[in-house]
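Inspection log for the structure reproduced underneath, given as structure tokens.
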């Protein structure tokens, strides 16, 4: 039986002669019409270093697909550079781009009846966008990560792009010179690849490897190293075989796979954005997963990797120390991973990890032994309270002050907040509130990397809290709480906070509280009026109209009918 399970509707029979005529124009011959047609979703772009090396990988995937017996068809999908748009109106399009990427891949693959898809991406939303599409379509699929950037270097210190964000705060606080500010800027991003710490892109690529949708070791390879291209070729071969065997995302993206992913997130100290994206992917594939599952798993999985933003090392260091397979093997032997979960190769997680040592290699401290973790519990805490009845996400790694109670400093946008920080108007003990930045209110749920980096750069990271209904970059750390739900735009309690109100952030008790009486909150709620939408047309208008709560993954196709 031929392996073109879906594409035969386009390639077979007398009625499809015109269809075949067009396929002949793009390189098909008589012998090719019975082969599986494999889509290669190419996220190449010179907009960002994260994606500028991807075209070469797409060419390698195309050639390898042919050699494996498939017929490749390349098509483009978009990217937004989170780092370049950060702190601007453009950042409102970042989370929106996740949905656009998913829609575009689904549209091409289903519109052309493709038999499988290999997606290649680099910047943050490329990964969840591709995975949402794969979950929607449920056709054999594999993800190829474009690779991580190598660290920059300045004055004997390793740099990432976050170093440059923090340098802005340091310079504004008089802690570094303009020469150092520009020196860091010039050296932070030395070439191709996604931001180098365990930020969002590297977190999501690690998740896909842990879930079995990418090949072992592929998530931590440097973009510019030869092994990345070799891994891409192998990914294409594996995908063609998966089409033949009909290994589907629904067989891989199970409840066990999501639990494995959360365990790995905690172990590597991954980004808060993983919570949002995994909730979205799980709902798309039909797996029951809630924000509370992250808290349950957090309490039993230690952080065993010392990685930036709060740690010392970058992702290429993790790769040299054994990568995600080494992390997963440590979790597996300690009963924190489901070894029977299936992967796109047809092997189980346990089979893939069989030859990996139980202990991390000696002579390095990027990956710690299970008995000597960086932190005894996971770092992504789910906070609840009257300020976040649906929940909020806090990254508590590296936090020296786990409990803060202080006066609210209220800002209606990221820009006004950043201006106040750089002007020295935020003091130790303050709790900064940035609202109307949620999925609906932004719209688009911008990341607050500029304000949080400015707080760190000013030396206030241990003494100032920040809460928002927006998101945080994977490069953020400190006493910060994001994804506050319900958001301000739909009448969440965060909309009722007034300047000077006392707010408590308690990481130990997982509590986020506005210390105002219920009677006063009721009075304020009765006077609250929703704000008119900032955008009434275009993609931001559509997003604001359709998007769900961040506690449900901020999807645009949830409960449409």
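Keep in mind that glycine also has a Cβ here, set from the backbone N, Cα and C atoms.
For the [2Fe-2S] cluster site that Swiss-Prot gives as 50, 195, the extra residue drawn from 109, 123, 305 is 123. Record check, Swiss-Prot: Mg(2+) site residues include 82, 124, 125, and the candidate from 419, 437, 447 also listed there is 447. In the three-state DSSP scheme, residue 447 (Mg(2+) binding site) falls into the strand class. Ranked by Cα separation from residue 447 (Mg(2+) binding site), the recorded positions 50, 123, 195, 473 are led by 473. Those residues of the chain, other than 50, 123, 195, with a C-beta within 8 angstroms of the mean position of the [2Fe-2S] cluster site C-beta atoms are 48, 49, 51, 81, 82, 83, 122, 124, 149, 193, 194, 201. Counting only same-chain residues at least 6 apart in sequence, those with a Cβ under 8 Å from the Cβ of residue 123 ([2Fe-2S] cluster binding site) are 43, 48, 50, 51, 79, 80, 81, 82, 194, 201.
Excluding 82, 124, 125, 447 themselves, the residues of that chain whose CB lies within 8 A of the CB mean position for the Mg(2+) site are, in sequence, 80, 94, 95, 123, 200, 201, 273, 473. Straight-line distance linking the Cα atoms of residue 124 (Mg(2+) binding site) and residue 195 ([2Fe-2S] cluster binding site), rounded to a whole number, equals 9 Å.
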